[in-house]
Amino acid sequence: MITLPARPESLSFAPQQSALIVVDMQNAYASQGGYLDLAGFDVSATRPVIDNINTAVAAARAAGMLIIWFQNGWDDQYVEAGGPGSPNYHKSNALKTMRQRPELQGKLLAKGGWDYQLVDELTPQEGDIVLPKPRYSGFFNTPLDSILRSRGIRHLVFTGIATNVCVESTLRDGFFLEYFGIVLEDATHQAGPAFAQQAALFNIETFFGWVSDVESFCHALSPAAPLALAKEKRYA
């Protein structure tokens with residue numbers, strides 16, 4: 001059991017019964033020339049976020065936490081995105097951008113394409129779980145809840161992009177399903193102006209979960225890492 005300093009109060013949990021969730025660290029959201037960039041959002045500050053996620057992932061893996069990677073997107077015909085009868089069709093900025101710029105059709109958030117791929121600096125490893133998701137929330141139309149419950153996992157540590165969209169949506173849905181959600185604020189980035197980040201973190205810390213940072217997370221986990229390695233050797 002570790003105790004993680006967080007706002008509004010510290011939270012205790014067992015690393016091996018917890019998961020680190022990396023939300024949508026795809027070229028679409030973190031790279032120049034990706035969907036967010038093409039849609040007019042600023043992605044120039046994502047480099048430190050990528051580095052911090054790498055740090056958090058390494059610490060979590062050493063402590064025996066499950067790592068779950070999400071990739072947001074759809075088939076290349078966008079059937080999974082929903083047609084005009086779906087609010088997603090009208091509100092998705094990726095779909096709107098492609099309607100405004102037909103030359104991008106089939107390129108944004110399409111499975112198998114560069115936009116959909118995780119950034120080069122972040123690579124899932126054996127034992128990690130990679131899940132596609134068709135909407136903002138990682139709980140909608142995915143096996144996430146089943147994966148977590150079958151492993152006895154109740155605490156979820158969130159990183160990724162965008163704090164105010166997919167990260168917050170997934171954490172909120174987890175709250176309604178009785179999961180404890182923690183966001184590492186310096187391992188996330190918003191879609192939109194800086195106040196969107198602050199508003200999302202305020203909502204999470206006040207109503208739905210807890211907010212911490214990568215340094216605190218790694219420091220809290222450091223005593224757990226040798227225990228996880230010892231357990232692996234014992235059962236090898």
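Note that Cβ sites are derived from N, Cα and C of the backbone, with glycine treated the same way.
According to Swiss-Prot, the active site, proton acceptor annotation covers Asp24. The feature active site is assigned by Swiss-Prot to Lys133. Marked as active site, nucleophile by Swiss-Prot: Cys166.
Note: the Cα of Cys166 (active site, nucleophile) and the Cα of the residue listed as 'active site, proton acceptor' are spaced 8 Å from each other. Looking at Asp24 (active site, proton acceptor) and the residue listed as 'active site', their Cα atoms lie 9 Å from each other. Around Lys133 (active site), taking its Cβ as the centre, 23 other Cβ atoms fall within 10 Å, counting all chains.
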